[in-house]
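As recorded in Swiss-Prot, the features of this protein are as follows:
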BINDING   GLY608, PRO609, ASN610, MET611, ALA612, GLY613, LYS614, SER615  ATP binding site
Amino acid sequence: MEKNVTPMMRQYLDIKKKYKDAIIFFRVGNFYEMFFDDAIEASKLLNLTLTKRENVPMCGVPYHTSKEYIRKLILFDKKVAICEQAANSTSVGPLEREVVEVITPGVIVDEDFLNDDVNNYLVAISDYKNYYSFSYIDLSTSSLGIMFYENSFFEKLKRDLEKYSPKEIIVSENFYYEYSEKLNLNRFLINRVPAWHLDKDVAIKTIKEHFNILGLSSLGFDEEKPYYISIFLIINHIKNNLKNLLSNIDKIDINNDSLYMFLDDVTQVNLELVKNNNDFSSQYSLYSVLNDCKTAMGKRLLREFILNPILNIPEINTRLDHVEFFCKNISLTMTLREAFVNIWDVERIISRIQMKRYIKKDFLFIEKSLSVFFLVKKLFDKHNFDYWNFDKFEEDSISKVYFLINSAISSSSDELIKRGYDLKLDSLKDLKINANKYIDEYLESERLLSKINNLKIRKTNNRGLFFEVTKSNYAQVPPHFMESQTLNSSKRYKTEKLISLEANINNAEDSVVAFEQEIFDEIASNVVKHNKVLKKVAEFFAYIDLVVNFGYLAKKNEYKRPILTCSKEIFLEKSRHPVVEHYVKNTEIFTENFVKINKEKYFCLITGPNMAGKSTYLRQVALITLMAHIGSFVPASRAVIGITDKIFCRIGASDNLAKGESTFLVEMNETANILRNATEKSLIIMDEVGRGTSTNDGLAIAYSIIEYILEYIKARSLFATHFHELSAINHKAFINLSMKIEKQGNELVFLREVEEKPSLNSYGIYVARIAGLPLRVVDRANVILKSLGSRKDSSCLEFLPCISSDTCDREVLKNDTDVHVKLNEYLELKKFISNIDINNITPFQSIELLNQLVLKVISQSS
């Protein structure tokens, strides 16, 4: 096949060999063409018509609409290599072409491909010589950071994969083969690099060159401890695939785990912090409830806060002070929220400008945003709000950027640079716009000078502009006219000024475009000089938007300021679940509950039926604890919360078919992780541990877990269970809680209110009935339950034959009552029949009883 290909196709095949894992967008004129397997795959994903030329499958998309097709491929986790043709190629043969960019899900900077409120991370994981590290980069926001895993490598890595949800991961081949299955890495787009590629000396050289430093110590690294290999993997990957896309990265954030609350991957999922567990969108998550931010930067910071609760009480209180200020000054809060609508994504715009990916509107958006910045300063001064971390030099720098853009960039759709900014550009624009006017003015001046009234200026493609003089006026031709052509009835002349005017007019259009772009690029360069202070402005906007948002929500939702302490306590009065309350507020009133945990009484066992609110109560405590640690007010009338180093949440049942793990094995793995890693300062939330196995095994395991937590870990714990036997545990730190139930006739009302006593019944059959199980099944379950209650000492094996024997009450099974008959009506009928003493009634009484029975049956079936 390759022997008979055209020169252009040979060029394509050579390029494809270098980018085997990417779909090549091969520029041909005004189209991007795809060939061979790329064309087959792209045609299916993009719904394009697949054609053939000389047996080569091909499809294409127009250049001017290519962005939307690229975006769709990125959403399918595909890599796209953009291969452009040279603009002014002089070589013989096909036009010169080269790949100018490889767009992948992890290195997107185009705003059309990004979600405003979510960071777009590329991650690299390194295990070089057992120095484990995790590096992440979001090119769109200039964020580059690293975590050192000095211990608990596996648990922390799982946590961070969930937290950062990377679009793309770089790992060594050895790491991939060892951990791919354990970490389920194939859910991500993976870039595997050969093990020999991880070289310490090459890594040091690459990092030093990028940051223009003499040694890695200036970045916070010890060169003898090569955690920085993961940073090298990121830098090298981007340099090999993209051009000018690292110029915005000028620092590395080295994350300190000890500053933040530990939330493992299971807890992040079970608490539905930033996405729900149904469709994985943000709806019904804590983030969705707390997110009423007005800026994209504020929304992203909120996600970061939720996933990284802090442990420093003074820092938390500073945030709470700011939230309280805006909660109390609601008029200012509403003014700011209205103004924040005009703040654009400065963080991403500055990154694009640094990477030379800017367009005109980026600068106009910065100008609008900075005008809000000055307004915020005035409002803060007026209301004596003391959060202002800009000095005079920085304020002057911000003003320079604002006035530069304001004076230079035009908001008019048909103009880039404003008139008056550059005199030379203005003259070129005038010449371009008024060319005919200048020609007419010059013609009129020569008519007056020569007295030739019918003097004309004409133009041909070959000769350009010239004066035309008829025979009768030859004697009046001025001496500075230079004859260029003689015709039968006239002569054509040029002058130095006409030649110059024509040249200026011809060059004006190209000159305007080129010179305007030159000025535009110069303005961009000047703005980039202020990138550090502009990034600081972006951080300021994000934080202020977030605390204003928290203050607004506190006022709107009646949240209260939590008190953070160093004690082992959680005290909540009239607490509510923030998410459930938010989504049911239009249909019902959420039931408030108390929580009382301290160093003496720190383990709560919660019993009660399903649907009574146990799981909601558990999550409620965890979410309120987390909200307090991010600096938010909380849904409670009063909250006192001891600093919590870790939250563990083991709720729900699921299996892991990919790993061949049963529901019970998953449950035990998660429980083992909690028991290994929890400390006395942790909060443990566990729901229905032990239900994935036999009753006796489950009860024994649950009892042993509780005992271990009480005696060895001593963490604040809430443990929901259906094993009522556990309520008999006798320990000084043990508290029995249950969910209140009110019986109204044969109906149960779940009050969803916690009380300090154990529950003696799960009411499972009642729940099954209201869930819609066939009445025949429900009735049979009641019979079996009663039989079980009378045979407490019998084993299950002894009992099963018994309930299937002739002595068992088979009336329920024979009963062909319609499934819609209510259970209480059936029980009433059964009670009526059971009370008949057939040995002591007269024939007349029996007829009367039979008549009553018929009437009851008729009334119940009607």
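Every residue, even glycine, has its Cβ placed from backbone N, Cα and C.
Positions of the features from Swiss-Prot, shown on the structure.
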residue: GLY608; record: ATP binding site; CB count, 10 Å: 28
residue: PRO609; record: ATP binding site; CB count, 10 Å: 21
residue: ASN610; record: ATP binding site; CB count, 10 Å: 18
residue: MET611; record: ATP binding site; CB count, 10 Å: 16
residue: ALA612; record: ATP binding site; CB count, 10 Å: 26
residue: GLY613; record: ATP binding site; CB count, 10 Å: 24
residue: LYS614; record: ATP binding site; CB count, 10 Å: 26
residue: SER615; record: ATP binding site; CB count, 10 Å: 19
Additional residues around ATP, ordered along the sequence, whose Cβ is within 8 Å of the centroid of GLY608, PRO609, ASN610, MET611, ALA612, GLY613, LYS614, SER615:
MET739, PHE750, ARG752
Is PRO609 (ATP binding site) helix, strand or coil when read with DSSP?
coil
